[in-house]
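Notes follow the structure.
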Amino acid sequence: MLTGYGGKKLCEICNNCSDLYLFYLFILPYALQSEPIRVLVTGAAGQIAYSLLLSIAKGDVFGKEQPVVLLLLDITPMLPVLEGVVMELQDCALSLLREIIPTDKEEVAFKDLDVAILVGSMPRKEGMERKDLLKANVAIFKSQGTALEKFAKKTVKVLVVGNPANTNCLITAKSAPSIPKENFSCLTRLDHNRARSQVAMRCGVPATNVKNVIIWGNHSSTQYPDVHHCTVNMSGSELACFDAVKDDAWLKGDFISTVQQRGAAVIKARKLSSAMSAAKAICDHMRDIWAGTPEGEFTSMGIYSTGNSYGVPEDLIYSFPVQNKDKSWKIVDGLAINAFSRSKMDATAIELIEERDMAVAFLAV
């Protein structure tokens, strides 16, 4: 029996003790939770979203006490599949999932958003030229950028996943001019995780023992996985990556090409593109934005290049080493760049400039 003031039985103070008990046990904790945030996932009937949505809905990304409203956007022919995804989310009986809104309408999907995770894009088909892929995606991401401009909160955090992710992100940002460019990023965390894992396997340690790898540039085969500032914890001692691996030729050769070509290798093996690892990387990326990066560590994000200290051309979405705090990113400045790294960084920038110029030309049509 519950007791009240002076050790008296609660029922001697209040005749509604059972109601009061239920209030403290069930209603008060619910009332103290944060307001739900509105999170959009596009391409929501696809395989990446299928691996992603449960993690978001059960609190692995935005916190274990943060309720969410999920807005799920896909094209009209995919709505029956999307309905099945909704049923599965409902059947998970998740305490943080307040509402699920499946739709094929941008004005519904983008309304009052706190977070937009833009997964859906036009995939490259057999025989399709790169310029044709860019043209198709410019139309998609121009439309979604316009929808963000019209309907979303100006504080919305936008993550572009659909490829070519860097240029799609730039087009989205240019199509939403009243939303700060700092609110837009593209996913290079998958490449970052791949690089970290390759070093860890080479050293025979868990991936969590490998810190501060960098992905510079484009989410493509020109990206530059850089381990010159990476450390590896070996038996309790922090070693520079080159000292831990003890194979400079591998780090400057097969390591780089393995990370650059990993997506293609997955497709060759699975006959499908990366989904589980991409979803995990999306979660890592958004969690770092929301909760911040650990002290002394940095990660990789494709962000707006204007004003950077590394000589990367302006007006690109380019992957840099960043630290996150208070839902904002800051480029890690002052890292030494040797001639080997500079040549790799410049090569991926050249590709991004070509993509940007082609996409902006399509944007103006």
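Glycine too: its Cβ is placed from the backbone N, Cα and C atoms.
Record features, source TrEMBL:
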ACT_SITE  His219  active site, proton acceptor
BINDING   Asp74, Asn137, Val161, Gly162, Asn163  NAD(+) binding site
BINDING   Arg124, Arg130, Asn163, Arg194  substrate binding site
DOMAIN    38-184  domain 'Lactate/malate dehydrogenase N-terminal'
DOMAIN    188-362  domain 'Lactate/malate dehydrogenase C-terminal'
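A simple way to gauge crowding: the CB of Arg130 (substrate binding site) has 12 other CB atoms within 10 angstroms, across all the protein chains here. Ranking the recorded positions Asn137, Val161, Gly162, Asn163, His219 by Cα distance from Arg194 (substrate binding site) puts His219 first.
Just so you know, the Cβ of Arg194 (substrate binding site) picks up 21 other Cβ atoms within 10 Å once every protein chain is counted. Shown in sequence order, Thr42, Gly43, Ala44, Ala45, Gly46, Val81, Leu82, Pro102, Asp104, Gly120 are the residues of the chain, 6+ apart in sequence, with a C-beta less than 8 angstroms from the C-beta of Asp74 (NAD(+) binding site). Here the residue listed as 'active site, proton acceptor' comes close to Asn163, Pro164, Ala165, Asn166, Cys186, Leu187, Thr188, Leu190, Asp191, Gly302, Ser319: these same-chain residues lie at least six apart in sequence, with C-beta atoms under 8 angstroms from its C-beta. Per DSSP, the secondary structure of the domain 'Lactate/malate dehydrogenase N-terminal' (38-184) breaks down as 66 helix, 27 strand, 54 coil.
In this structure, the C-alpha atom of Arg130 (substrate binding site) lies 15 angstrom from that of Gly162 (NAD(+) binding site). Calculated from their C-alpha atoms, the gap between Val161 (NAD(+) binding site) and Arg124 (substrate binding site) amounts to 14 Å. Counting every protein chain shown, the Cβ of Arg124 (substrate binding site) has 15 other Cβ atoms within 10 Å. Across the structure, Asn137 (NAD(+) binding site) and Arg124 (substrate binding site) are spaced 10 Å apart at their Cα atoms. Binding-site extent for substrate: residues Arg124, Arg130, Asn163, Arg194, maximum pairwise Cα distance 25 Å (rounded to the nearest whole number). Taking the binding-site residues Asn137, Asn163 in turn, the residue surrounded by the fewest other Cβ atoms inside 10 Å of its Cβ turns out to be Asn163.
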